[in-house]
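If you look up TrEMBL, you'll see A:23-65 marked as domain 'RING-type'. For A:96-115, A:339-524, the entry in TrEMBL reads region 'Disordered'. Taken from TrEMBL, the feature domain 'B box-type' applies to A:128-171. Taken from TrEMBL, the feature compositional bias 'Polar residues' covers A:339-380, A:415-424, A:487-499. Residues or ranges marked as compositional bias 'Low complexity' by TrEMBL: A:391-404. Taken from TrEMBL, the feature compositional bias 'Basic and acidic residues' applies to A:433-444. According to TrEMBL, the repeat 'NHL' annotation covers A:574-617, A:621-664, A:671-711, A:718-758, A:762-805, A:812-849.
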Amino acid sequence: MLEQEEEEELTYSLDDIQKLLQCSICLDRFKQPKLLPCQHTFCQEPCLEGLVRGYSLNLKCPECRAEHRLPYNGVAGFPNNLTIKSFLDLRRKRTRNDSGDVERGGGAGAASADCGQIEQPVPSTAAASRSGCANCNRETFLAKCSHCTQILCEPCTKSHIEQVRNDVLRLVSQLRRGIPRVSNVLSVVDDKAEQFKQRAEVAKADVTEVIERFIMELRSRQRLLHNEIDMFLLGEIRSLTAHKENLQVEIASISSFCQTVESTFTQPDAEVSSDIVKTFREQCVQFMERVRRYEDGSLSLPSERSLRFLMEENRLSDVISNFGEISSVAGDEITTAQNDTQSQEFTPVSSHESTPDINISRSQSEATSSPSPWRNNASSYLRDEGRLHMSSPSSYQTPSSPRSARSWNADYSYPRTSLPSATSDDAAAPRRSLQERRRQHYSDSRISALIGGRVFLNDPQSPGAGRRRTNISRSFSIPEEPYHSDSALTLSRSRTYTPGDSFLENDNENPSPIGHMGTITRSRPTVRFNNISDEETDSTDSEEMLLQVTNFEENESTHIANSVNNYQSKGRSLIRFGQRGNDTMEFTWPRGIAVTREDNILIADSSNHRVQIFDQTGRFLKSFGSYGHCEGEFDCLAGISVNSFGQIIIVDRYNHRIQVFDHHGHFVLAFGEEGCDHGQLLYPWGVACDRMGFIYVCDKENHRIQVFQSNGNFVRAFGFPGHGPGQFENPYYLSISPDSKVYVTDSNNHRIQVFSIYGDYLFSFGSPGSMQGQLRYPKGIVIDPQGFVIVADSGNNRVQVFHGDGRFNCMFGAYGSESGQFKGLEDVALLSNGNIVVSDRENHRIQIF
Amino acid sequence: MVSRLLIFYTCIQFSYTNVFSNFKAVMPRNFKLLEELEAGEKGSGDGTISWGLNDDDDMTLSVWTCMIIGPPRTAFENRMYTLRIGTGEDYPIKPPTARFISKIKLNCVNENGIVDPNKLEVLKRWQPTYSIRNVLEGLKKQMQHKENHKLSQPPENSQY
Amino acid sequence: MAGLPRRIIKETQRLMAEPVPGISASPDESNARYFHVLVQGPKDSPYEGGMFKLELFLPEEYPMSAPKVRFMTKIYHPNIDKLGRICLDILKDKWSPALQIRTVLLSIQALLSAPNPDDPLANDVAEKWKVDEKAAIEEARNWTRKYASAQ
């Protein structure tokens with residue numbers, strides 16, 4: 001009955017149903033139709049599978065662009081569209097009845113697939129049920145599917161099994177595709193293991209070395225103590241020998257006296273005078289007394305001296321048993337911050353990504369690079385620990401051991417340098433924040449620049465001095481290198497500072513091939529682009545040009561090679577913020593940037609018709625402005641500038657006017673209207689203020705610069721349309737140097753033109769192209785206190801830095817949306833700490849370098 | 001109806017013959033050249049070579065002005081050489097032609113500035129996957145080649 | 001064998017069988033992914049009466065990535081540059097595999113009817129269009145007469 005109804009419908013709308021059964025990606029009949037949450041249906045394979053790119057977690061519906069989260073088991077996890085499925089089955093039946101009809105729409109493949117699935121009730125031996133097939137609802141012999149609870153008839157079982165089979169095959173192929181990931185991880189793990197082994201070896205070597213050295217120290221201590229004991233023994237023995245000799249003398253004198261007396265008395269013929277007897281008697285008494293003194297011990301014998309080796313054994317063994325410590329620090333403290341998306345996606349990777357660093361921590365050794373005090377402590381323990389204590393009850397003085405120990409101490413030069421301090425640095429590196437390293441690096445280079453500058457000032461003429469200076473700066477600058485393999489991941493775009501980049505005027509030496517630190521460095525050999533752009537200019541012309549140039553070489557930047565602000569090391573953005581949108585922190589084509597005296601960043605959020613204010617770390621402070629033509633309203637604002645009074649000057653582009661605000665963002669005044677006369681503007685763009693408060697405006701479609709007083713009164717205009725010197729084609733932005741020159745980005749002429757503040761043409765630099773020093777549609781421009789010119793080379797998607805006279809200094813950036821990449825960068829500005837703020841227009845974000 | 005079906009059949013047949021002759025999607029000349037142009041505009045070179053259309057509204061994309069900065073420690077050092085590369089109708093099946101505008105002494109360049117395709121490896125063994133960039137890199141390699149080290153160079157900025 | 005995907009065959013069939021009014025597209029003889037396209041300038045637009053030649057290429061990843069399309073006839077339009085490259089979102093980040101050659105060509109035709117000078121493409125024509133639309137439209141007419149009517 002149901003069948004009949006649908007058949008009727010089909011006769012009406014065969015083609016329509018045919019279309020409904022067609023996947024809009026492969027334009028074929030659905031194969032395993034999957035229903036997305038937005039109710040659109042597509043084939044699982046290859047259509048939806050093909051949509052999922054790489055490790056993406058989301059899937060965008062091709063019909064309505066709705067984003068859906070991918071189920072954990074991939075697109076297979078989306079529910080089947082059962083309605084479509086049953087329609088597909090219906091078609092099958094139709095095919096059986098009149099298969100020729102379908103041929104046209106369904107295509108040959110679909111038709112042949114249909115033919116194989118004609119149902120034929122076959123008696124089933126399995127436990128049959130009579131409640132109806134779950135798929136076709138027919139009451140035939142039914143069997144329970146072996147793997148799910150569905151009860152199906154024979155043909156449906158077949159197709160069901162077929163489907164399950166396909167599912168399994170697909171899963172297997174998915175698994176296969178997954179294998180490389182796992183094997184990638186495997187190789188990563190292998191690498192890590194290898195690295196770890198190496199680190200372990202290094203650590204072991206460290207331990208051995210330190211221990212060996214302490215053993216050596218102990219040995220020499222042993223020798224010293226032995227020597228002292230020997231000395232002591234020698235002295236003691238000497239005094240005992242003296243004593244012994246005295247006693248021997250005593251014995252000899254007593255016995256000789258005895259002999260004398262006896263022989264005198266035993267001589268028969270000799271008369272012994274009473275005097276002599278008397279003397280003998282007195283002498284006898286004397287000797288008797290001395291002997292008695294020996295007998296009762298009242299005669300002082302050399303005192304008994306104790307000799308002991310004293311030491312606080314426990315203390316030393318405590319020190320030894322606690323000596324050293326193996327600490328293992330996860331190295332991904334930095335990486336996780338930036339790679340969180342990746343780690344989310346495939347957790348096993350992230351867990352292996354962090355290779356522990358073996359760190360033989362020697363108390364403060366990682367905090368300071370000087371020889372660690374702890375080690376000194378340890379050795380002084382060793383020196384003091386086994387002090388030879390001698391106690392003597394008498395005043396008898398042996399050479400005092402502490403003093404000897406101390407004198408030895410002084411002689412012994414302690415080998416401080418032998419410890420490889422590099423390893424301790426290495427181990428410390430992951431703990432130090434990136435920022436910290438950069439800061440340190442910055443200060444290093446600052447020192448180098450200072451020193452370099454001083455040496456140079458002593459002898460500004462001789463190129464030799466310059467070269468000397470370079471050497472000095474080379475010795476002072478520390479290349480910023482990826483500290484270890486893990487952080488190298490995130491540092492991959494970091495620019496290695498190569499001192500060789502330094503460039504010297506009048507120095508025709510080869511730009512030495514610079515140590516390209518891996519493929520990532522963007523440092524390039526320097527090439528001069530003085531006035532190369534115009535190849536036809538004959539020599540006299542170019543000489544004149546140079547003469548002119550030298551007249552105005554007053555900027556510091558023209559005679560120093562390395563800026564205080566270390567542009568060479570920039571290239572990876574420190575801070576990035578913003579995306580397309582109109583909420584706070586979102587932009588729609590951000591254009592002009594200005595920095596206030598408080599180091600806040602003003603962004604002209606062009607198509608949101610407002611100014612957003614951030615602090616120098618990118619924290620949102622406030623915004624003002626809205627769309628309109630009244631006071632304080634904008635229509636696609638562009639350039640923005642802050643004058644010396646702190647007022648904010650904003651170019652209201654499509655209203656052809658300039659608006660001035662106080663530093664709170666309150667409207668002060670507006671001037672300018674559409675037109676070509678003096679004081680009138682036509683699509684003005686960039687704006688800058690000099691120290692006197694004059695406002696310079698790029699009057700873009702009038703191809704000129706106009707100067708106004710801070711109250712909006714017209715002062716002067718200069719420049720005409722054209723390609724010659726002093727002529728413009730769409731000047732976009734401008735900036736005023738510390739020595740009061742006006743640098744204008746003559747965008748469609750692909751050059752920078754330089755004028756005096758009175759509008760006299762001085763010189764220009766840049767030619768169209770993508771090589772160093774060449775420009776393509778230059779936009780924003782800013783000049784640092786030394787006179788280095790930073791240009792947003794918009795068409796080349798890079799920032800270029802020039803000396804004040806137009807010589808190329810360095811550059812960074814490339815096309816793209818990663819860190820340090822741009823899509824149509826617009827303006828540049830400088831913070832007081834030397835960081836460059838860049839508006840990355842087509843990425844709708846701000847980057848700080 | 002019948003005619004429509006006929007069209008279908010011819011189409012299918014036609015398409016299938018193409019299927020068999022094209023294993024991979026071969027990018028047609030103009031789209032390949034546009035990609036090369038974009039690469040050049042984005043400055044994907046190392047700053048020592050560049051290429052761009054001679055005429056920026058040349059819709060045929062056939063004449064290119066390129067520059068090479070002489071590699072360091074060679075006779076060509078720091079000089080900027082301009083050359084013109086022609087990508088004909090059959091590019092990239094057939095190799096492009098190259099001619100120096102700036103005077104140069106190089107073994108693979110004749111007295112008129114034309115690069116001899118038989119003496120430059122990249123032109124001699126041209127592959128359709130090669131690009132203008134490869135030609136420029138090939139020429140730069142030639143400049144670094146020993147046999148060209150000792151060649152005395154014509155004055156800078158002189159042209160043919 | 002990596003043959004021509006069924007989808008491309010189907011699209012080609014349909015393009016030939018049910019051509020879009022004002023648009024013709026036929027595959028190249030030697031490259032089935034490369035199409036020669038002719039688009040009529042839409043009525044009531046500065047391009048009316050013109051016949052514009054385009055080329056279209058379906059890259060290897062098609063339909064997962066967008067076809068490449070370029071004008072071969074010079075045209076004065078704020079979203080089409082000097083080399084005929086088209087600034088159209090569905091050819092770039094807004095591409096969806098549910099779109100087809102047919103829909104792309106229709107979109108291009110619609111772009112001729114409704115130029116969008118606010119589009120970010122840095123372009124002299126766009127700026128002119130913004131500054132002086134009347135003159136720009138006149139210029140577009142001139143160009144159409146000059147370059148697109150020879151057919």
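Note: Cβ is positioned from N, Cα and C throughout, glycine not excepted.
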Which listed stretch (A:718-758, A:762-805, A:812-849) has the most C-beta pairs under 8 A with the repeat 'NHL' (A:574-617)? A:812-849
How many of the residues that make up the repeat 'NHL' (A:762-805) does DSSP mark as helix, as strand and as coil? 3 helix, 22 strand, 19 coil
Average the pLDDT scores across the repeat 'NHL' (A:574-617) and report the rounded value. 89
What are the helix, strand and coil residue counts for the repeat 'NHL' (A:718-758) according to DSSP? 3 helix, 23 strand, 15 coil
Helix, strand and coil totals (DSSP H, G, I; E, B; other) for the repeat 'NHL' (A:671-711): 3 helix, 19 strand, 19 coil
